[in-house]
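**Student:** Okay, these came from TrEMBL:
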TRANSMEM  7-25  transmembrane segment
ACT_SITE  GLU261  active site, proton donor
ACT_SITE  ASP392  active site
DISULFID  CYS455-CYS490  disulfide bond
ACT_SITE  GLU504  active site, proton donor
ACT_SITE  GLU530  active site
BINDING   THR614  Ca(2+) binding site
Amino acid sequence: MIIRKGIIIISITALIIFIVGFKTTSSFQTDTIASNNKQNIFKNHDSFQQHNNIIKTNDQQSGNNNNNNDINNNINIIKKEGAIDENYDKYKDIGDSSIENSENYSFNQKNFNIDNFDSKEINEVGKLQNIINKLNKINENNTEIRNHKQKLPRFNKSNNPFNKIDMVYNKNKNKNKERAEQIKQSMKFAWDSYKNGAWGHDEWVPLENKHSDWLGGLGLTIVDSIDTLYLMGLEKEYNEAKDWISQLLLSKSKSKVSVFEVNIRYLGAFLTMYDYTGEDVYLNKAKEFGDFLMNAFSNKYPFPVSNLNLSNFKPSATESNCVVLAALGTMSLEFSRLSDITGDPNYKEKIDRIINAMASLETDIKGLYKTTIKRDASGYCDELISIGGQGDSYYEYLLKMWIYTDGEEIIYRDLFIDSADSIIKNLYKITKKDFGYIANLDYGYLVEREEHLTCFAGGMFALAAAANISGDDEKNNIYMEVGREVTKTCAFSYFNSPVGVGPEVFVFNSQGDISLNGGGGSPWYFLRPEALESIFILYRLTGDTMYQDWGWTIYEAIEKNCKVSNGYAGYKDIIFGTRDHVQQSFFMAETLKYLYLLYSDSNTVPLDKYVLNTEAHPLLIKYKN
């Protein structure tokens, strides 16, 4: 599963206008624009106009914010799971937005035939209702499944539900090795670019030859990337990262940092490297950063604050009384693992309080939570229900905590099943062209669009099926079907793009096709990993090489259109070609890692031994026997 997500609080009036506007907008106009833009592609990434006056003040940026400043100040700090990328606000007025006419952009049909997926119109209402009816019938007949513990599947090599790739991998071993090597060289290029231009800083900004220090200036890219370097066997680069980490001190920075981001990126990476190597340098750093994060908790409230000051390790005096769902729900894996490897139960006790409070929290729809919650667990601070921005990794970690504990933590299983079933019954939609996607609910109104951040859910549902969390084969089949369909839709948002990479948010036109520039869409691409995450998981769980073909098509588009002379950079607008300027740390931590794993053998991060945190840092599963 990194950022960076934005909260969109829509008034009822505005939402009605949006719905009416979207339904009445000429699909011919929208599709014509998209078709015309497919004729355009960048030839040269290295000749972008440079601008000096790039950073807006916080006061200028806050002019468009909701009036509830406490909530917004809290939300805006969340990078991956909770807020719009701050770099988008910084750089949104920068860059060469002109497009040169060039060769037509076409979907790569060398590896598979896209026409196989260009289906005729279907009875989407009937198909969806059939899924819901099956789900309801299963739930009526299987109420007793919640009454006992259920471990992860036990299996031998031939029937491993988490690995179906050995035969197809070996059949195409040379091709897989060649592709993995190309991705490894992309990683080296990205690393060298960061090292040469921004060493010790958080992120590299290649199109401006400068750095960004949005998370305390503690060398974020170094820490976030280290396990990818280790996996790929980039020994020299790995040792550079390890040497830096051994001397890293939290106290060197005086910034305010996001608890969520420090947890998933720093603590997650240290835990992974300790699981990989057993070396004390990583254990000590995990304890140091874990102890720092413990300051986010108090005896008064079950939920942590969102931010801490590195100057005194304390929350700000103005810290909000509301916390983002994804932030409070995305500490369980890391804190559980930290307790397990240190023998200190205090970390685990903190997240036990969180999950028990969530289990007691009232909901309008069983299993679906609004995206900002009061710290005392007395209610909500907004009306948005989203499996994307602000909500995603809460639901992801329900499943992964059950997997991590080998089924011991029943509370996570029960909460996940409630959530998964309600997502399917209330948020999962199918278009006339058979694109399955997960919508949002805002003030009770369905917002029919797909966020890139929601694309992780394809892998989540598929992994739930393989892990047999429901204990029911029929429900597992439904979970797998939803996982496949969401993954397909997200992949096709890339294939429909003029530059071959997917938008932050996309919608569907009246014919049921993906539309990149309809009302409610957002054309950003920040080198995000979620679509590739699900593609990787579906490949491992099915052995279907179609997913490898999809991944390679996306990789080629990234290489062609996001690689610049001194790094990688995404887009602020994939239709008109306006460039983003930042090489995100999660590009190396996640995007390139998932691509590399897609062409690696099953012994490389096996999904029956590791569960990946939302930043793609693998943690060893705690099997009971």
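In case you wondered, yes, glycine gets a Cβ from its N, Cα and C as well.
Note: TrEMBL annotation is automatic and uncurated.
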**Student:** Cα distance, CYS455 (disulfide bond) to GLU504 (active site, proton donor), nearest Å?
**Tutor:** 10
**Student:** Given the recorded positions GLU261, ASP392, GLU530, THR614, find the one whose Cα is closest in space to the Cα of CYS455 (disulfide bond).
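**Tutor:** Its closest listed neighbour, by Cα, is GLU530.
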**Student:** How many neighbouring Cβ atoms, not counting its own, are there within 10 Å of the Cβ of GLU261 (active site, proton donor)?
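**Tutor:** I count 29 other Cβ atoms within 10 Å of it.
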**Student:** Please report the distance from the Cα of ASP392 (active site) to the Cα of the residue listed as 'Ca(2+) binding site', rounded to the nearest angstrom.
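**Tutor:** On Cα coordinates alone, these residues lie 9 Å apart.
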**Student:** Near CYS490 (disulfide bond), which of the recorded positions GLU261, GLU530, THR614 can be found within 10 Å, Cα to Cα?
**Tutor:** GLU530
**Student:** Give me the CA-CA distance between GLU261 (active site, proton donor) and the residue listed as 'Ca(2+) binding site', in Å, as a whole number.
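**Tutor:** That comes out at 10 Å between the alpha carbons.
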**Student:** Cα-Cα, whole number of Å: the residue listed as 'Ca(2+) binding site' versus GLU530 (active site)?
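**Tutor:** So the alpha carbons of the residue listed as 'Ca(2+) binding site' and GLU530 (active site) sit roughly 10 Å from each other.
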**Student:** Taking DSSP as the reference, which of helix, strand or coil describes ASP392 (active site)?
**Tutor:** helix
**Student:** Suppose we draw a 10 Å sphere around the Cβ of GLU530 (active site). How many other Cβ atoms does it contain, all chains included?
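**Tutor:** Here the count is 27.
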**Student:** If we count other C-beta atoms within 10 Å, could you say which of the active-site residues ASP392, GLU504 has the fewest?
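**Tutor:** With the active-site residues ASP392, GLU504, fewest surrounding Cβ atoms within 10 Å: GLU504.
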**Student:** When DSSP states are folded down to helix, strand and coil, where does GLU261 (active site, proton donor) land?
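**Tutor:** SS state of GLU261 (active site, proton donor) = helix.
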